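Read the structure below first, then the notes.
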Amino acid sequence: MGIEKLHLEDALEDSPQTRSLLSVFEKDAMTLKKYTTGLHNCCQRIMKAQNELCAATQSLSQHLRDFEIQKFPLESDDSVLSSTLKQFSSYLDDVSSIQQVLSAQFSETMMYPLSRFLQADLEEVTTLYEMFQMASNEHDNAMNRYMRLPKKRESERQRSEHNEELYLMRKKFHQTSLHYYSSLNALQYKRKCSLLEPVMGYLHAQRAFFQMGQDAVGKKEIEDFLNNISTSVQGVQQEMKAETKKTVELIDSLEQQSAHLYHAEPMVDMPYIPPNTTLTQKAGYLYVRSKQLIATKWERSFFFTVGGNLMSQTRGEAISTKTNGLAGSLVLDLNEPGVLAEPHESDDRRFVFQVLSPKSKRNIVLQAENEREKDEWICTLNNIVRESGYVKGKQGSQAKPKERTPSANSLSKQGSGSVSPDQGSLGSMSSTGGQALPRTPAPTPSSSFVAEAPIQFDLLSPTSPNGGVTSSLPGPPNPNPRINPFDQSSNEVLDTLDSAIDSATFVESFVVRFLGSMEVTTDRGEKLVHETMRQIMAARAIHNVFKMTESRLVVSSECMRLIDPATNTLRTQFALADISFWAAHPENTRLFGFITRTKAPEATHSSFSCHVFECNISAEEICQAIGTATKLAFQALMQRKLPPGVGKEKKAMEKIHQVKTREKHLLLQNIQQLEDAPEGEEEEEGGSLHNLPLSPDGKYLVLTAADESEDAFQSGDLAQPMENLTVEPLKQTISDSFDTEDVEPESEA
């Protein structure tokens, strides 16, 4: 089929038929421009969508990689889900790279030809259209002026000017018409190429994209990976269905079992449930009365018993899942003597009871939901007080009494630092804020921490001789009384330690800050010390504990002690024999810890506690000092454990050698004085002899030190008669006698 064209030969004539045909070509060009603009917008959307898809794929890949750095409280660090998402992320990176290639191909093969057709060809036709209209109007105006010229000869000059103007305008109109007609004719060919090239480029780019995608994503390993993940997901879905079924059954069972708990006070037609009077541990919501000026206020709080203490916790306080303990506030230390729970009447309210503490002069008024809850709380608190120990009991069962840990309030009031041997040697409560400290999680078979072991963040200064907590309530004696290994009288301890330090062969002093301590199950292990440091530092961060007790650590070959730098009083001491292991932190060079052994007088086994400190210098220096002190102490201990005969014989030989050396030196000095006397002057010689040290009877020359006893002179072993004394033979005799250790001393001459 032929293509319609404008005849260039008819451009100059510009007949109405030519103008009519030209208007048809102009209308076609305008319609083509409008359509091409719409096509360009569609392709532009595809380009934007492809770029957005590429960016979205990259964002998805990055988000999958970020899963492993998220701190999910219930997700383990080595989760399978994390590694699976990371693998998916690598595959998505490959897909994103292919999508980037597709986006570049769209830009080159689809958008570029279409943009060129719009901006070059169609815009050229529009510009020529405007120029053609201007040239046509100018030609018509020049023609009109020329045709209005008069017949007079005087207008010859005007006729020449108008003729020249008409020449120029007609030439310009003809040239513009030729270019305009040719552009319209070429546009009929360009429309087919310019409209087909973008679509053809789009399909070529898609075919290349699918081919690269098949090569990148159609691998055997990806297929196996997807099959494994699909099987795993189906297994999880089946487990979820089974768990959902169990959950529904459990919900139905709990609803049936809890029907009697929905009423705060049981209905009359409900069966009677007696209170359990054997409980030694209880938790639940109670209303506590507080005074505000002249009025009273009742607030609802969660109360629980832990470590022999009555604690409370508001609903807004967080539960520390890291240390498996409750962060609550101390209400009352049940270790205090005379604590009693009993019914009470207050503010015309029902089910009210009170907890009295004569020592702290406190009266805590509480309200339960019903009579049964009130009776159980009263019995539980009295059971704990009566047994005078921390009891881990279960509902409906009688548990064997165990020891309780005194709170910081009771310790500070009683001036005692005693703690339970099986709960560490530094106590279980902090003296900052009266909050219960975190406890370690329940131990696994390979765990080195004691179940529910408390962490102490502050040192307790010993002030009483025994440090124990006494109780005025009747009851059997505690089989394992709590002791405080740090508790000694300050004066006695300082006097003893001063004498010990004076006799020590090694002493070094360091400034340290106490971070915390907790009980452990073994007495050594570098990993154990490092894990204890991590537990204590995490607990301090969770509970916002910033206070640290600064002390002066004195390490000697006799003992190791902590001294208050302000008052120079003893805070605590450690026998070197009780220090079993010490280590510095592998990364933080200012942290170190050591493990000590504590054994109660009547206990059958020892307990171990790990204490963590911070210092201003390298912790390795302190560890080296502890190592040097323990080495010297061990050598001294082994020396003391030598057989009796070996030790005495060695000491006797050393003493004999020292005595002989001293006597030899003294005797040589005396002989030197004899040699210096002038010969022939008997009086002076006699005077010189009389100046020598003589025995009381004047017969013998004293050859020993001044502190020798008189028996040494009378025995004749170390003296000679004055009348037989001559200088030269005496010097030879002295040399022979002191050079030969086994020669018996001469008797009297």
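Cβ coordinates are placed from backbone N, Cα and C, and glycine is handled just like the others.
TrEMBL lists region 'Disordered' for one of the ranges 640-661, 728-749, namely 728-749. Residues in the domain 'PH' (279-386) partition by DSSP class (helix H, G, I; strand E, B; coil) as 16 helix, 52 strand, 40 coil.
Confidence for the domain 'PID' (509-644), expressed as mean pLDDT, is 86. DSSP labels the residues of the domain 'PID' (509-644) in these numbers: 43 helix, 54 strand, 39 coil.
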